[in-house]
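According to Swiss-Prot, the feature Zn(2+) binding site maps to C110, C112, C137, H139, an assignment based on sequence analysis. Per Swiss-Prot, the feature ATP binding site maps to K251; the stated evidence is sequence analysis. Summarising the annotation, Swiss-Prot assigns motif ''HIGH' region' to 21-31 and lists sequence analysis as the type of evidence. The motif ''KMSKS' region' annotation in Swiss-Prot covers 248-252.
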Amino acid sequence: MKLDAPFNLDPNVKVRTRFAPSPTGYLHVGGARTALYSWLYAKHNNGEFVLRIEDTDLERSTPEATAAIIEGMEWLNLPWEHGPYYQTKRFDRYNQVIDEMIEQGLAYRCYCTKEHLEELRHTQEQNKEKPRYDRHCLHDHNHSPDEPHVVRFKNPTEGSVVFDDAVRGRIEISNSELDDLIIRRTDGSPTYNFCVVVDDWDMGITHVVRGEDHINNTPRQINILKAIGAPIPTYAHVSMINGDDGQKLSKRHGAVSVMQYRDDGYLPEALINYLVRLGWGHGDQEIFSREEMINYFELDHVSKSASAFNTEKLQWLNQHYIRELPPEYVAKHLEWHYKDQGIDTSNGPALTDIVSMLAERCKTLKEMARSSRYFFEEFETFDEAAAKKHFKGNAAEALTKVKEKLTALSSWDLHSTHEAIEQTAAELEVGMGKVGMPLRVAVTGSGQSPSMDVTLVGIGRDRVLARIQRAIDFIHAQNA
């Protein structure tokens, strides 16, 4: 049989990996980690990374899921050299190989009815035998190829399949445990396990990084590869990701979709850094640049044990990257959250200034956008608890006094606004908090914000003065 590569297989490329999701849902964090490990191993070895969409499940695969997977990969910045390739567009190729296998006696047509197979299974279970096909049709030549049938791979019956898993070490499965796998359905469509084999061969895949739930598929795929004379890649099966309760990660543990983490305000750098450490390590190092990940990553350092997802650690990493990445870069991601929350940022401070002001205060960009709305829009009401606490005593007098001083400023900058607050406190013979806190509630609507001088400059003179007057009127109305 001949190789039929969908792209030029550069002989100088010694490592070629792939990520091959099924488009039946979103890109979840487990899949994203598999993609990351596969991508890192290719980059570490100056190799190539292939994106393949395994959409043979025609009933469950959707264009929306495919688009979501590609969007997730792009957001994580995991670019591919080849692809995306779609299995549904390669059916002719798969069927060509199957037909050749039938001709060479490596596969055979099976005409057994569903009733016969169910009866066979029932008998085997009663005899406490492992259910398996009995090869009834292997030597049956009394049927026409036009009759309804499936095609089965003629699996070896002797010996065993042995492979060295790059993560788990030596794995051996006896061929007596394996069945004659169906490789083409009655409707003529090839099955998942067969398509994977042909794709890995045609695309020159040297290393297959995937979840441990695929271990049982591996011996079947290796036997097909051997039968068609294709090279056998190195397999690396990574462990599952659990929730913090030890159960398999699911929606009840919180977000599981990669793009949900985007929506919740996480930077891709934080999620990538978190995922790489979720089953792999380099000493005690916790924070890795992309370059460090590529330089250090090795499959034999990937843990065999399941990893527990810890949202608090992800938040810690996210705040680190919000603080440390260039404000211009963070601002680009922050902009999406303002739009998502319907906040018009055209009239207010630069988003880079928002990042600089709030980087130490916010764990997520969603929180940053929500908590900075007052810089761009008017708020309807004062926070009830903050107003009750700070709009009392001489608050109205303090606000009136500080408004006079702010109105008189010739320059609206950090030094001048800070001085106005300081002078007001001195003249009233009170602490800075007795002026600053009522002022904070007056101009932001809440009891939390960056330092007052930074906040006032960010909001702008006209808005500040109008909001102070509104607060004064509110206090008088409350006391009337």
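For all residues, glycine too, the Cβ spot is worked out from N, Cα and C.
Everything Swiss-Prot records as a feature, shown here on the structure.
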residue: C110; record: Zn(2+) binding site; CB count, 10 Å: 21
residue: C112; record: Zn(2+) binding site; CB count, 10 Å: 17
residue: C137; record: Zn(2+) binding site; CB count, 10 Å: 20
residue: H139; record: Zn(2+) binding site; CB count, 10 Å: 7
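Taking DSSP states H, G and I as helix and E and B as strand, the motif ''KMSKS' region' (248-252) has 2 helix, 1 strand, 2 coil.
Using a Cβ-Cβ cut-off under 8 Å and counting only residues 6 or more beyond its ends in the same chain, the motif ''HIGH' region' (21-31) has close neighbours at 53-55, 57, 60-63, 65-66, 68-69, 71-73, 211, 240-241, 249, 256-261, 271, 275, 309. The secondary structure of C137 (Zn(2+) binding site), as reduced to three states from DSSP, is coil rather than helix or strand. What surrounds the Zn(2+) site, by Cβ distance within 8 Å of the Cβ centroid and not counting C110, C112, C137, H139, is the set Y108, R109, Y111, R135, H136, L138, D140, R152 from the same chain.
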